[in-house]
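Step one of this worksheet: look at the structure below.
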Amino acid sequence: MAPSTPSSHRPRKKRKVPTAPGSNNNLILDIGDGKQTPAFPSSRSYGLRVRVPPMHGDFEAQRHWMEITTHLPMARWYLYDLQYWGLDYPPLTAYHSWLLGKIGSIVEPAWFALDKSRGFEDPHLKVFMRATVIASEYLIYIPAIVNFLRRYTRMQGVHAWSASIALVAILLQPATILIDHGHFQYNTVMLGLMVASLDAILAGRMLWACLFFVGALGFKQMALYYAPVMFAYLLGVCIFPRIRILRLINIAIITLAAFTLLFAPLLVAATNPEARALFATSPQPPLLQALPISLDKNTAAYAILFQLTQTIHRVLPFSRGIFEDKVANAWCAIHTFYKLHHFDVSLLQRASLGATLASIAIPCGIIFRHPRASLILPALSCVSWGFFLFSFQVHEKSVLLPLLPMTLSLAGDGGLNKENRAWVGWANVLGSWTMYPLLKREELRVPYIVMTLLWAYLMGLPPVCLETYRSRATLEDPNPQFELHLLTKLIHFAFYLAMVGWHVLEAFVPTPAGKPDIWVVLNALIGAGGFGLAYLWCMWKLITQCRQIDLQVAEEESRKKKQ
Amino acid sequence: MAELYPSLVQCAIVAAAFKVLLFPAYAPQLACYYSFASCEGMVLRGLSLCAPDSNCLAVVDTVAEILRMDPRLPPFFAAFEWLMSQAAAYVDPAMLVVQNLGYDSWQTVYFQRATVIVTELVLVFALSRYVKSAPSWDKQAAHVASLSILLSPGLFIIDHIHFQYNGFLYGILILSIVLARKQSTLLYSGILFAILLCLKHIYLYLALAYFVYLGRFYCLDPKNVFRPRFFNIVKLGVCVLGVFGIAFGPFVQWGQLLQLKDRLFPFSRGLCHAYWAPNIWAMYSFTDRALIPLAPRLGLSVNQDALNSVTRGLVGDTSFAVLPEISSQQTFLLTFIFQLIPLVKLWFHSGPNWETFVGAVTLCGYASFLFGWHVHEKAILLIIIPFSLIALKDRRYFSAFRPLAVAGHVSLFPLLFTAAEFPLKTVYTVFWLILFLFVFDRVAPVPERPRIFVFDRLALLYPHIRHSVDSVLLAGSPTDLRIRTTTVLAPDVHEQLFRTWCCRELGWIYGGLFYRIDRFLDRKGSFRLAYN
């Protein structure tokens with residue numbers, strides 16, 4: 001599953017206005033079309049007055065899903081008019097859309113009238129949709145984070161004051177806010193379920209952890225970035241320090257049951273006669289064709305299999321390119337200097353599979369061998385950085401995934417020390433910086449600037465203030481060993497300078513003729529370098545923490561032996 | 001004393017970030033062609049085009065004609081706008097072209113909104129002076145109060161969404177009030193207030209309190225009423241007249257003073273503003289409206305002309321169908337009588353007392369708001385903001401402040417009527433109310449002598465009543481919004497009910513507050529007697 005890590009978005013080719021040639025499926029860096037008009041005028045009340053004709057971005061996609069899920073039988077959810085924002089998220093998103101659509105239809109049925117409501121942009125609808133994001137966040141993400149932090153800080157013996165600071169820092173993460181409340185998505189639901197799963201792990205409730213994680217996976221396939229660590233951890237828990245077969249079986253059963261529960265409504269709906277007739281006449285999804293078995297098209301088994309494979313086919317797009325747009329990962333960086341589109345897609349797929357596996361092997365191995373709850377955050381960030389950098393079909397929004405566990409580490413023991421703060425802050429600022437081209441397209445420049453700078457100010461980071469990097473012994477922190485390494489300072493300053501310089505360039509220097517995307521490419525290159533460093537730092541952090549714990553354990557054991 | 005946390009500057013930075021995010025929020029600027037909603041932004045810009053020009057009023061006339069509304073701001077504000085326009089020329093020269101009245105490029109909007117945030121620094125400065133001037137045992141309360149003013153939902157709604165420069169103006173007002181704290185800076189306080197009057201004449205509502213306070217404790221000997229201090233009188237007189245001279249002199253020169261007077265004091269407009277301010281006259285108008293269907297049964301005569309234009313303050317006179325007409329003289333008389341009560345107290349107070357002065361300022365604003373002619377709903381800030389400065393004196397002040405804060409801020413809601421701003425204003429205001437009323441509750445000290453007066457009983461009952469009223473109101477608001485956006489000119493029962501409700505609240509708060517201050521002063525006096 002590694003190579004085909006899906007992206008979180010719908011490809012932009014589906015947009016009706018053909019202004020973005022080649023930004024997408026092919027591997028050509030897009031040429032021409034420096035101007036893309038805002039997709040959805042957004043960020044709270046942003047762009048309510050934008051006069052550019054709307055191009056129907058993610059906002060329209062989400063609205064459209066509410067429309068189809070509330071009006072169509074389940075059997076048609078993953079089949080209906082796929083050219084126009086066909087549903088391409090796992091079932092939980094569909095159920096979520098259905099619920100919100102039902103609620104919205106009570107308020108105003110015209111918002112979600114089948115087919116007639118396409119491109120509907122009533123101010124009241126906008127308020128409703130934005131409110132659903134906020135409500136979903138408050139129902140899932142925020143309680144999960146609060147619970148997790150409460151448990152985590154208690155475990156690590158962190159003072160309540162520091163825990164509150166960490167909580168604010170996590171909830172104000174600029175990238176998450178900009179994507180969810182500006183660009184319009186429901187990432188916080190998936191992230192919230194993931195955090196709930198982590199909370200269950202800390203509490204030692206492995207079965208709940210499985211359940212929540214399947215929920216996250218069932219909401220957005222992006223959660224696959226976290227899957228190897230969860231798998232390795234849960235497996236490790238069953239094997240080390242001694243093999244516990246029963247636990248392993250329980251975990252396996254619960255996971256399977258959760259998946260069954262997730263798909264059950266869809267599959268049950270597939271067995272009724274109408275759905276069967278529909279499936280019998282629809283073109284087979286490629287996955288079903290690839291299966292060695294052949295079934296009678298009118299049986300219930302065929303319908304179930306059809307529905308399952310069709311869903312998986314929609315959710316995991318195997319046939320897309322190695323990267324989409326310009327994203328700050330390794331492939332896009334390599335492509336800049338050495339064009340990759342000469343290669344066969346299957347070769348690229350294999351290459352990315354190999355690279356991803358190589359990048360996640362060490363952290364997964366460590367967490368498998370040392371399944372400790374305190375190691376899971378660095379392992380998660382390391383692995384998701386690996387995925388972000390090397391896997392197939394990455395989208396710039398996926399950077400939220402590695403940023404979450406990294407930012408959560410602020411709440412750990414010593415999480416607010418200068419080193420951790422500097423690195424986590426730097427990665428976050430860099431993360432939202434790499435999303436700037438995306439945000440700019442949607443007229444979210446002002447929120448981007450404000451949110452990022454505000455967060456940097458609250459964290460005491462450049463470019464707003466140098467608090468974190470100043471080396472002086474204060475009363476609270478007279479210990480010089482907490483000072484940042486000179487190399488860290490140099491690297492960070494170089495990146496901050498590059499980011500500020502890039503903004504100046506982008507704003508004032510016109511792109512040279514024939515290379516309209518040069519600034520975006522430069523952004524992706526710098527971003528890829530930075531994320532590579534972040535990956536290495538997380539890896540180093542994981543290894544040192546692991547060694548520290550080992551040493552502690554060894555000491556304790558020797559002490560016991562002496563006694 | 002430990003450093004107060006979070007500091008004013010930190011809050012100002014975070015608040016500024018939030019306000020920048022509101023840049024694209026709907027400002028009635030853009031809709032002023034289509035609705036009669038007050039659109040300060042346009043008028044301000046109209047003024048900025050022409051300020052120092054001798055035919056200024058002519059230009060303003062055309063602007064006003066286009067907008068069907070009068071700019072009603074005194075000369076210093078025009079000068080202030082002229083300064084802004086100097087900076088604006090660098091941002092986008094097109095916004096200064098008179099013909100471009102409907103012009104709203106994003107540069108224009110962003111520039112104008114940014115100037116509001118930047119000029120609000122005056123408020124931050126004034127508040128920091130206020131905290132500094134507070135005695136050390138009162139520092140924490142002063143800090144909390146100043147934070148509440150800085151983050152006030154009133155300023156937030158009016159300045160940063162609706163668009164005005166109140167933050168700047170209230171900054172000057174607070175600075176002037178703070179300067180009145182010390183005998184040595186009383187003169188500067190007076191000068192600053194004169195300047196403020198030339199910036200926006202709505203502060204005339206508070207002028208009597210200043211007049212009495214400065215007259216009693218600056219121009220006369222604080223200890224002996226019959227011993228005038230002539231040097232002080234001359235100083236104050238020269239300075240204040242000088243300020244007015246600079247402001248209005250040029251208009252005298254151009255012979256436009258009367259024209260300016262008409263513009264500043266639009267008595268030709270009705271008793272009530274187009275959107276009723278929640279005052280006595282809103283109740284009066286409402287009673288009138290309610291009596292129309294009942295009039296035949298009660299045997300009252302109905303003025304038929306008024307039926308078509310009842311209380312539409314926009315065009316010309318307000319006329320009542322059943323109840324007698326109210327003239328501007330009557331409103332002045334009422335206002336004056338109710339202002340007199342605290343002023344008498346202030347005059348006869350032995351020795352200058354800053355808290356009494358702030359109380360008198362608040363009550364003068366209160367009386368003007370409740371009984372004034374053509375009061376605008378935004379004037380509620382004239383009461384809330386000075387009152388915030390003394391609300392934490394003790395719990396009894398606070399218990400008068402609490403319903404005022406709730407009713408006053410909620411009464412501003414109809415200013416913003418678009419769907420997107422609805423959650424913003426409600427969430428922010430509710431959040432502010434919860435946060436600050438909770439903090440105030442913890443900070444406000446227990447009064448030296450407990451006393452439950454009949455109004456206190458009402459205040460204790462208030463939260464319970466409010467819950468039920470609020471739920472009705474909240475249910476009503478969306479409809480209210482819809483009606484207002486679709487048929488702007490149609491009379492709207494929801495709103496009037498709402499206004500009436502706010503008025504009733506404010507009315508008895510006035511009574512309660514006055515009673516409290518009165519009793520408080522009495523008590524102080526009796527203490528002093530006992531001491532001597």
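Heads up, the Cβ atoms here are built off N, Cα and C, so glycines get one too.
Keep in mind that this is a model prediction, so the values were computed, not measured.
Taken straight from TrEMBL:
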REGION    A:1-28  region 'Disordered'
TRANSMEM  A:127-146  transmembrane segment
TRANSMEM  A:158-179  transmembrane segment
TRANSMEM  A:223-241  transmembrane segment
TRANSMEM  A:248-270  transmembrane segment
TRANSMEM  A:347-368  transmembrane segment
TRANSMEM  A:375-394  transmembrane segment
TRANSMEM  A:446-466  transmembrane segment
TRANSMEM  A:486-505  transmembrane segment
TRANSMEM  A:517-538  transmembrane segment
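Contact between the transmembrane segment (A:347-368) and the transmembrane segment (A:127-146) is not supported: fewer than 3 Cβ pairs lie under 8 Å, counting only residues 6 or more apart in sequence. Stretch with the largest number of CB pairs closer than 8 A to the transmembrane segment (A:375-394), among A:223-241, A:446-466, A:486-505: A:223-241. Tertiary neighbourhood of the transmembrane segment (A:486-505): same-chain residues 419, 422-423, 426, 429-430, 433, 436, 462-463, 469, 519, 522-523, 526, 530, 533, selected by CB-CB distance under 8 Å and a gap of 6+ residues from either end. Non-local neighbours of the transmembrane segment (A:517-538) in the same chain are 29-31, 34, 326-330, 332-333, 336, 359, 363, 378, 381-382, 385-386, 388-389, 399, 402, 406, 423, 426-427, 430, 433-434, 436-437, 491, 495, 498-499, 502, 505-506, 511; each lies 6+ residues outside the stretch with a CB under 8 Å from one of its CB atoms. When Cβ-Cβ distances under 8 Å to the transmembrane segment (A:158-179) are tallied for each of A:127-146, A:223-241, A:248-270, A:446-466, the top count falls to A:446-466. Away from its own ends, the transmembrane segment (A:248-270) comes close to residues 73-75, 77, 90-92, 94-95, 206-207, 210-211, 214-215, 218, 234-235, 238-239, 276, 279, 300, 303-304, 306-308, 311 of its chain (Cβ-Cβ under 8 Å, at least six residues beyond either end). Beyond the transmembrane segment (A:223-241), the same-chain residues lying 6 or more positions past its ends with a Cβ under 8 Å from any Cβ of the stretch are 1-2, 5-6, 190, 193-194, 197, 201, 206, 209-210, 213, 216-217, 247-248, 251, 360, 363-365, 367-371, 376, 379-380, 383-384, 387-388, 391, 398, 401-402.
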